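Chemist: Here it is, the structure, as structure tokens.
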Ligand SMILES: CC(=O)N[C@H]1[C@@H](OP(=O)(O)O)O[C@H](CO)[C@@H](O)[C@@H]1O
Ligand SMILES: [Mg+2]
């Protein structure tokens, strides 16, 4: 997938799906790094040959392989896809099949559908069919008493690929109450728009203003694998109430738990294991809420590859990063049990709960986090509950938080443990952070080296915004003292 996601339009990047449609296995990352940095074509071919030998991959088998290629809306995409196609055929002897402009999750979905679900020709149309059919199924199952409109939705598409794809869904679903903004027809990709901008800066994207107060708004990122919601604060100068990935996770977890409790009781032999996966950036109030729901919450280091892997350990694994990337994974064992229940259950309530969970498993992307299918699931659940976005946002109240970046001489000098919540190296810094944190009510603070930028990130939470800001600033100073200023 040729995309640089939420980054500026002049950036380029590539995301690689494995044959199951999921993210590239972590063992292969060093190889990906080495070929990306190969100095010339000969070294590239040599690296590929060596790797194929090491992994025991018969390269002549590649002749029967197909590599699906997709791209986001960046102007550079077309020529990069062409280059990829040439590389795939001339170096590997395989076929590069161009799927055109697609969202990252659509491409992952197609790879998965072709290999895992044995739909040899799975296309974008099949994706649209599956998500719209399962969405309609959820809507049709809404109990009559809560069948009421929940009002208009406006979606900021970051001027990216999500705009044209959401338009397809809008037409397929006859969804008149949804408006698409920053659709990509004009405007610059990701510029003051999109889920990353909205979540990090906590402000409304461009094109949104006072006339949108009171309306449910959502934001996708440039390749449509992240989703956040928000509402505009009246007279707030672009300020928003952010409904982030933690809240999407909480809504999904609540719905799944409700449906499971209709379907099962203590007498059931099979008790599906539900796991909720977060990172240290999850707001402390969300973790508390999920614990109160009686759910098992597990933490992993930052980066969706870790959350995704952990979520696979459960029958139903629900994961989200606060930035809005996440999905729900269902185990094969659970799905076959569910299929059984769906066909054998005589009790109407239980039968419907089974059908809802089945529809969720078809709607939500099983390969990666997907803003479009995530958005449809949020909308279906809100309609099911008869909830406004405010009601949803009131599930719990976010603790004030602050994120800062510190430029240091060498960020790899920071070594963390315990899902990145404790610093092991340099020695002494964790004790100093602890000494500052205990001064604040509901204080929580951690530092970690970024995996994507040359900075150390500081995250702080406390009972007031001033306190969170102060804690973050003083810990940022500590980081500079311990690690030396960037020269
Ligand atoms: C605090 C934060 O938002 N970190 C982001 C950011 O990672 P860093 O390792 O923090 O740079 O980019 C990752 C990739 O998009 C995303 O998965 C992660 O959540
Ligand atoms: Mg993205």
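Just so it is clear, glycine is given a Cβ too, placed from its N, Cα and C backbone atoms.
Computed from a predicted structure; not experimentally measured.
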Chemist: According to TrEMBL, which listed range is region 'Disordered': 1-20, 21-40?
Modeler: 1-20
Chemist: Nearest by CA distance to residue 221 (Mg(2+) binding site): which of the recorded positions is it, out of 5, 321, 449, 451, 457?
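Modeler: Closest candidate to residue 221 (Mg(2+) binding site), judged by Cα separation, is 5.
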Chemist: Determine the binding-site residues, out of 323, 449, 451, 457, lying near ligand 2 in the sense that the CB is under 6 Å from one of its atoms, and give them in sequence order.
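Modeler: None, as no Cβ falls under 6 Å.
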Chemist: Where else in the chain does the region 'Disordered' (1-20) make close Cβ contacts, counting only residues six or more beyond its ends and a cut-off under 8 Å?
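Modeler: Sequence-remote neighbours of the region 'Disordered' (1-20) are 32, 36, 68-72, 74-77, 80-81, 84, 102, 104, 107-108, 111-112, 115-116, 158, 188-191, 194-197, 221-223, 225-226, 367-368.
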Chemist: Which one, 62-117, 120-228, 244-387, has the most C-beta pairs under 8 Å toward the domain 'Alpha-D-phosphohexomutase C-terminal' (415-477)?
Modeler: 244-387
Chemist: Are there any residues in the same chain, six or more apart in sequence, whose C-beta is under 8 angstroms from the C-beta of residue 457 (substrate binding site), and if so which?
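Modeler: Within the chain, residue 457 (substrate binding site) has Cβ neighbours under 8 Å at 403, 404, 405, 406, 447, 448, 449, 450.
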